[in-house]
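Novice: As listed in Swiss-Prot for this protein:
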- 8: active site, proton acceptor (ACT_SITE)
- 130: active site, proton donor (ACT_SITE)
């Protein structure tokens, strides 16, 4: 069970939103590269970067900062989402040292693009399913489709997707706990590993996620709880390793 710190980028700064609302942000740092260093020093094995401006614009906006983080920490596994709409964007990030690219909006609009990306970059493609009341949202969460997250996830079973990041928008940034029921339901419905996102805020959430690891939940993205200090990364990862039987 990997706990993955999130760095959300908006206008060049590290921010956290509430329920994905671009007008409800808290700025935690003007130096995202230094923030990445903070999580590296805390022992993280992986980092989740989101270009919030890019998610709305449909193309990379904060790519230069992401490139700097990837260059500064070449041994860190980095996954990036936000504005990933074509193969050239994926190629640019891969050449910059980014490990995994998260396809969200295009997974809804052009599911075949996910297959194309997996064929071009095998082992490096993640699908991001961001759901509000079970329905997948797109365009930086500004639009909610009629597509059910579980139904869309099943379409990618044979595509070669590395993982699915499942975000419960209603929990994101609200510090109300992870929606373990919905995440577990999705994980049980597919064979692709699921990374939970949205609401992880306490050691109790970590325990609940570890209890569901056998259902296919392989990790969890953590944001506001780390920034506000309600969750200590080293302590939480240590607990996850202990509960999941990982040796130090």
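Cβ atoms are placed via backbone N, Cα and C, with glycine included.
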Novice: Could you tell me the C-alpha distance between the residue listed as 'active site, proton acceptor' and the residue listed as 'active site, proton donor' in angstrom, no decimals?
Specialist: 15
Novice: Residue 8 (active site, proton acceptor) has how many other Cβ neighbours within 10 Å of its own Cβ?
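Specialist: Within a 10 Å radius of the Cβ of residue 8 (active site, proton acceptor) lie 27 other Cβ atoms.
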Novice: Within 10 Å of the Cβ of the residue listed as 'active site, proton donor', how many other Cβ atoms can be counted across all chains shown?
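Specialist: Here the count is 26.
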